[in-house]
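> Below is the structure I would like to discuss, written out as structure tokens.
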Amino acid sequence: MVEAFSGDETAPFFGFLGAAAALVFSCMGAAYGTAKSGVGVASMGVMRPELVMKSIVPVVMAGVLGIYGLIIAVIISTGINPKAKSYYLFDGYAHLSSGLACGLSGLAAGMAIGIVGDAGVRANAQQPKLFVGMILILIFAEALALYGLIVGIILSSRAGQSRSD
């Protein structure tokens with residue numbers, strides 16, 4: 001006997017799309033933040049090479065954004081196993097929203113870190129008193145991605161709660 005199409009057959013597509021979105025968008029933010037702040041470090045390093053290691057902070061903070069996306073992508077992908085447990089559209093949408101929340105907040109944070117990092121390390125080379133202010137701004141920019149990670153974990157944990165099997 002052939003089962004009727006319920007729509008839930010496409011649910012894993014949305015789950016995997018969420019995992020991909022988390023990783024891709026977070027890595028795009030990490031790449032942009034690393035590249036933009038790296039240009040500032042290189043430009044500043046020509047005149048003040050002794051400050052290069054101190055100015056690597058934005059590059060490291062941007063790199064962490066990719067890890068956030070990786071965490072969510074692993075959480076989502078391990079939650080998709082239609083053979084072991086039914087996977088409904090609710091679950092797919094929960095995983096998609098989880099991935100988008102983490103990925104897009106990582107992209108936004110990467111853009112902020114890149115712009116602040118570029119201008120901040122150049123300004124720090126001219127006025128060392130600006131270093132603490134730059135670090136504070138970078139911390140608040142990184143917090144945006146952390147908020148997305150937290151919301152992504154909460155949304156991902158909602159998958160599997162749509163129906164009792």
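The backbone N, Cα and C atoms fix where each Cβ goes, glycine too.
Note that TrEMBL annotation is computational and uncurated.
Since the structure is predicted, the reported quantities are computational estimates derived from the model, not experimental observations.
Below are the features I grabbed from TrEMBL:
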DOMAIN    17-76  domain 'V-ATPase proteolipid subunit C-like'
DOMAIN    97-155  domain 'V-ATPase proteolipid subunit C-like'
TRANSMEM  12-35  transmembrane segment
TRANSMEM  56-76  transmembrane segment
TRANSMEM  96-118  transmembrane segment
TRANSMEM  130-155  transmembrane segment
> Mind checking which residues reach the transmembrane segment (12-35)? Cβ under 8 Å, same chain, six or more beyond either end.
58-59, 61-66, 68-70, 72-73, 76-77, 79-80, 82, 87, 89, 91-93, 95-100, 102-104, 106-114, 117, 145, 152, 159
> Please count the residues of the domain 'V-ATPase proteolipid subunit C-like' (17-76) that DSSP assigns to helix (H, G, I), strand (E, B) and coil.
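Counting residues per DSSP class in the domain 'V-ATPase proteolipid subunit C-like' (17-76), I get 57 helix, 0 strand, 3 coil.
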